[in-house]
Amino acid sequence: MRRLSLWWLLSRVCLLLPPPCALVLAGVPGSSSHPQPCQILKRIGHAVRVGAVHLQPWSTAPRAASRAPDGSPAGSQRDEPEPGTRRSPAPSPGARWLGSTLHGRGPPGSPKPGKGARAKTLWPRDALLFAVDNLNRVEGLLPYNLSLEVVMAIEAGLGDLPLLPFSSPSSPWSSDPFSFLQSVCHTVVVQGVSALLAFPQSQGEMMELDLVSLVLHIPVISIVRHEFPRESQNPLHLQLSLENSLSSDADVTVSILTMNNWYNFSLLLCQEDWNITDFLLLTQNNSKFHLGSIINITANLPSTQDLLSFLQIQLESIKNSTPTVVMFGCDMESIRRIFKITAQFGVMPPELRWVLGDSQNVEELRTEGLPLGLIAHGKTTQSVFEYYVQDAMELVARAVATATMIQPELALIPSTMNCMEVETTNLTSGQYLSRFLANTTFRGLSGSIRVKGSTIISSENNFFIWNLQHDPMGKPMWTRLGSWQGGKIVMDYGIWPEQAQRHKTHFQHPSKLHLRVVTLIEHPFVFTREVDDEGLCPAGQLCLDPMTNDASTLDSLFSSLHSSNDTVPIKFKKCCYGYCIDLLEKIAEDMNFDFDLYIVGDGKYGAWKNGHWTGLVGDLLSGTAHMAVTSFSINTARSQVIDFTSPFFSTSLGILVRTRDTAAPIGAFMWPLHWTMWLGIFVALHITAIFLTLYEWKSPFGLTPKGRNRSKVFSFSSALNVCYALLFGRTVAIKPPKCWTGRFLMNLWAIFCMFCLSTYTANLAAVMVGEKIYEELSGIHDPKLHHPSQGFRFGTVRESSAEDYVRQSFPEMHEYMRRYNVPATPDGVQYLKNDPEKLDAFIMDKALLDYEVSIDADCKLLTVGKPFAIEGYGIGLPPNSPLTSNISELISQYKSHGFMDVLHDKWYKVVPCGKRSFAVTEKRSEEESILINVSLVVPFASNVIHCRALLVWGTRINSEIRQAILEAYFNHQLTFGECLNPTQL
């Protein structure tokens with residue numbers, strides 16, 4: 001083994017250092033360089049072996065209500081083969097196992113020939129062989145093309161394994177622990193098994209297996225009929241129970257009652273000793289539940305007359321106090337008999353609701369003789385013994401496969417192959433494999449397989465929930481409502497018994513899911529307006545504003561609203577519409593449910609106050625409402641007590657301030673242009689004046705003392721006078737330049753001044769109306785908020801997500817702003833707009849603030865600073881609500897299909913005040929600045945070119961000739977053409 005490990009390590013080192021190892025690998029056999037651990041595979045024979053012990057046949061008895069004192073099921077016993085009984089021959093290896101008939105035998109779990117219908121014999125040997133055959137057909141279950149083999153213990157004791165371990169022993173099984181250990185060591189352990197599968201039927205056999213796993217360090221999986229209590233938590237010994245845990249039935253039933261708010265219930269027992277301890281513990285731990293009567297009909301069930309009289313008295317007494325009846329311990333024959341008698345003699349109160357507390361087989365759920373609205377749960381297919389055996393074998397195979405990918409030698413080569421020489425290393429192969437067994441999960445034939453704690457293998461079945469309804473043709477049929485997955489109910493898109501209205505007659509059609517939805521007015525998500533004269537809503541949804549969250553008051557109001565004699569006061573009725581109402585209508589349409597809508601009584605989102613939750617959260621927790629739809633922010637505190645769907649709207653927190661109009665100061669005439677523009681204009685003016693002066697004084701015919709017949713002189717002050725006159729568009733007495741270059745530059749400066757003047761005039765009127773000033777805040781970390789001075793006032797909405805964020809993040813700031821907090825968002829906005837204003841800044845959800853800014857006709861509101869505290873709006877639901885996952889899935893579909901974008905465009909279509917005009921002005925100012933700058937550069941470039949032309953011309957003509965020509969020209973002795981052609985003189 002050590003030599004093999006060295007070669008394995010060397011091969012991996014060589015992968016990192018190929019050149020130095022080339023010569024070393026040349027002397028290694030070809031198998032060592034193969035990517036598979038060939039030496040290990042050769043040693044184990046390319047097979048993973050699983051041992052099997054305690055293979056005595058099982059006799060299944062009728063379902064018992066309790067356990068025997070030793071922990072075994074009451075009434076269970078071992079079923080030994082009768083003398084002379086011949087076992088059925090083994091099927092061919094190619095026979096399919098699941099859902100097929102094998103050589104004339106019934107399907108898995110069917111009774112053997114000669115046995116009664118109520119007593120079945122289970123054969124572990126058969127189940128093991130068929131499990132191995134099925135798993136070996138699964139591609140990729142084990143790596144390196146390994147196969148799965150089962151090694152069965154020989155009850156007689158010593159000797160090699162026979163060729164056909166399936167054959168039955170000739171001697172009876174010994175109950176001596178020493179003989180059992182001998183058999184395990186000499187017939188199983190020596191074969192090199194990775195794990196053991198056992199089928200114990202008593203507490204003593206469980207203790208034997210505990211000893212084997214501890215001493216030999218081999219993982220053991222015990223497949224048992226019922227879970228045996230164990231004092232030691234041995235991680236090497238796991239047990240898988242075939243029977244569904246009674247606690248699963250209790251959990252499903254309690255969830256059904258909780259979902260419908262059926263907290264007042266009574267029990268009806270058909271068997272006096274039926275175990276309902278788990279159900280009673282769950283209901284007692286929840287203070288909302290109230291147990292009424294326990295109706296035990298065990299003694300009255302045989303006699304029809306006694307049963308009729310007894311039920312008539314009991315059902316009449318509970319119909320008002322506990323209208324929900326949960327039935328336990330009743331088979332379908334007894335259930336039909338009960339309802340047939342009560343319906344025949346008319347003793348069944350129509351107000352009662354019936355729930356079957358025990359898991360049912362869908363094949364036995366017939367509609368004859370059962371009342372509409374009856375709720376049941378169970379599985380479409382019952383898990384049989386062979387399913388559990390195959391799942392246990394697959395658990396070992398999956399664990400071995402995962403462990404092999406990490407340390408193949410430790411995972412595939414068993415550490416214990418001789419009971420007399422048990423290795424005492426720090427980590428044996430069995431201990432290594434047990435770690436992977438504890439962390440392996442998969443979906444098996446019997447359910448979802450996983451290890452709970454350290455010793456229990458859980459096979460969690462997905463129960464389905466059915467309700468007896470009418471089909472479209474009016475005939476009764478079982479309709480699947482949802483399923484029990486992961487500890488909670490996941491409801492299908494479908495119908496559910498209505499909670500507000502019940503069936504009035506035995507044959508009335510049941511209504512679909514009816515929810516009570518609470519909302520809160522917050523624009524644009526929820527608006528309200530008055531109803532018409534008839535108390536109806538031509539548009540939007542009718543909602544009630546009762547200004548209370550009392551459940552009984554709301555029940556009374558909605559009952560009156562739906563009755564033929566509507567007595568709800570008109571002042572309570574409103575028409576609700578908006579973003580969230582559109583979303584609610586779409587969800588109700590897709591999920592096929594009706595709803596009653598009301599406005600939360602205290603007008604608050606919800607916070608923990610005085611030992612209880614207020615607002616929307618409080619209504620959801622108390623059961624007053626089943627759903628909360630509004631701008632309901634998802635935060636940590638709320639998510640711990642209620643459920644939220646995935647966000648349908650993303651937002652953040654923002655700060656709203658008010659702008660104030662002020663009188664224009666004396667220097668307001670300079671506001672139309674930026675200070676850099678003013679600076680550029682006046683710098684350009686003086687540069688232009690300088691160049692005008694230079695051009696004039698350098699010109700031979702300028703207004704200078706050198707010029708001929710010049711009575712005036714063009715100085716720098718004259719140039720400034722010209723430039724300022726052109727800039728301000730005023731006609732004054734000026735000395736215009738005489739030289740051509742100066743005149744050209746002056747005209748270009750005039751064009752530049754025209755652009756400046758037009759831009760200034762265009763912006764002057766808008767600016768002189770008045771300036772809007774506001775509180776400049778950089779965000780939530782602005783010093784004005786953390787260190788308020790000079791009476792700076794800011795606040796938010798009480799018991800909102802914004803207040804919760806400030807309280808958690810900035811306690812000192814929250815303590816200061818508490819005095820300025822307001823009841824609702826409109827109040828905060830109004831406090832900003834009041835004269836004088838009561839708030840300087842208002843912190844709230846930016847989605848709400850943006851809408852308030854967009855509809856502000858006076859353009860007095862403005863959001864400032866960077867957004868903070870990113871959050872989302874979700875639909876609130878009671879904890880563990882089965883609707884959560886379905887609504888979240890719908891919201892995801894709405895986002896991907898563009899429905900949420902349609903809602904946003906519909907309710908946020910107003911452009912914020914002033915946004916469009918600001919954008920146009922800014923764009924125009926940029927364009928004008930570019931044009932002005934171009935007009936400023938062009939004059940200087942043109943004048944440089946003109947000056948360069950004059951210098952070139954001057955260098956080509958002799959100064960004396962040029963002087964003579966110019967004098968002749970100005971004395972009118974030469975024409976302009978003669979001056980340009982001096983060679984012709």
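Cβ atoms here come from the backbone N, Cα and C positions, even for glycine.
The signal peptide annotation in TrEMBL covers 1-26.
Per TrEMBL, region 'Disordered' is recorded for 59-118.
TrEMBL lists 557-622 with the feature domain 'Ionotropic glutamate receptor L-glutamate and glycine-binding'. In the predicted model, the domain 'Ionotropic glutamate receptor L-glutamate and glycine-binding' (557-622) has a mean pLDDT of 88.
The domain 'Ionotropic glutamate receptor C-terminal' annotation in TrEMBL covers 565-910.
The L-glutamate binding site feature in TrEMBL is assigned to Ser633, Arg638, Ser801, Asp845. On its own chain, Asp845 (L-glutamate binding site) has Ser631, Ser633, Thr651, Ser652, Leu653, Gly654, Ser801, Ala802, Glu871 as residues at least 6 apart in sequence with a Cβ closer than 8 Å to its own Cβ.
Residues or ranges marked as site 'Interaction with the cone snail toxin Con-ikot-ikot' by TrEMBL: Arg807. A C-beta separation below 8 Å, combined with a sequence spacing of at least six in one chain, links Arg807 (site 'Interaction with the cone snail toxin Con-ikot-ikot') to His814.
Annotation comment: TrEMBL describes Cys859-Cys913 as disulfide bond. Within 10 Å of the C-beta atom of Cys859 (disulfide bond) sit 14 other C-beta atoms, taking all shown protein chains into account.
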Practice item. Enumerate same-chain residues with a sequence separation of six or more from Arg638 (L-glutamate binding site) and a Cβ-Cβ distance below 8 A; give 'none' if the list is empty. Key: Gly606, Val617, Phe644, Gly876
Practice item. List, in sequence order, the residues of the same chain other than Ser633, Arg638, Ser801, Asp845 whose Cβ lies within 8 Å of the centroid of the Cβ atoms of the recorded L-glutamate site. Key: Tyr605, Ser631, Phe632, Ile634, Asn635, Ser800, Ala802, Asp804, Glu871, Tyr873
Review point. Reduced to three states, what secondary structure does DSSP give Arg807 (site 'Interaction with the cone snail toxin Con-ikot-ikot')?
Key: helix
Exercise for review: Provide the three-state DSSP residue tally for the domain 'Ionotropic glutamate receptor L-glutamate and glycine-binding' (557-622): helix first, then strand, then coil.
Suggested key: 30 helix, 15 strand, 21 coil
Check your understanding: Hey, does DSSP put Arg638 (L-glutamate binding site) in a helix, a strand, or just coil?
Key -> helix
